[in-house]
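As written in Swiss-Prot, here are the features:
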- HIS21, ASP45, ASP73, GLU88: Zn(2+) binding site (BINDING)
- CYS17-CYS86: disulfide bond (DISULFID)
- CYS20-CYS131: disulfide bond (DISULFID)
- CYS42-CYS74: disulfide bond (DISULFID)
- ASN107: N-linked glycosylation site (CARBOHYD)
Amino acid sequence: TQTSHPAKFHVEGEVYCNVCHSRNLINELSERMAGAQVQLDCKDDSKKVIYSIGGETDQDGVYRLPVVGYHEDCEIKLVKSSRPDCSEIPKLAKGTIQTSKVDLSKNTTITEKTRHVKPLSFRAKTDAPGC
């Protein structure tokens, strides 16, 4: 008989410092951020967080979070910047913070054990030269 083991994944993404305060988008001037803290939260149908894990970016601004089990409604959010000059978490139109959704559900066509998410960025307090 086959034993049932929980699914094991890694969620991987990048964190940048967006040195152009006036732009919300990552661009050619954006800098990868080492030591930034991120958090993965997965919620149930009532929007209650049922799975959560935090992590930190490496020297290349990349984080890799281990995940056990299938989860619905998951997203990565920025928690803390490693740079005092670039610590603002951008807000979206409705005042919510920027997040990256990730599919960790059982009902997906994604078969890779590493799930890649879109990059996130902190915003600098002022524009750098060239913005």
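Cβ atoms are placed via backbone N, Cα and C, with glycine included.
Since we're looking at a predicted model, the values are computed, not measured.
Every protein chain considered, the tally of other Cβ atoms within 10 Å of the Cβ of ASP73 (Zn(2+) binding site) stands at 17.
When the recorded positions HIS21, ASP73, CYS86, CYS131 are ranked by how far their Cα is from the Cα of CYS42 (disulfide bond), ASP73 comes first. Neighbour counts were taken as the number of other C-beta atoms within 10 angstroms of each residue's C-beta; across the disulfide-bonded residues CYS20, CYS74, CYS86, the minimum falls on CYS20. Of all the binding-site residues listed here (ASP45, GLU88), the one with the fewest other CB atoms within 10 A of its own CB is ASP45. Most Cβ neighbours within 10 Å, among the recorded positions CYS17, HIS21, CYS42, CYS131: CYS17 holds that distinction in the structure as shown.
The two recorded residues, CYS20 (disulfide bond) and GLU88 (Zn(2+) binding site), show a Cα separation of 12 Å.
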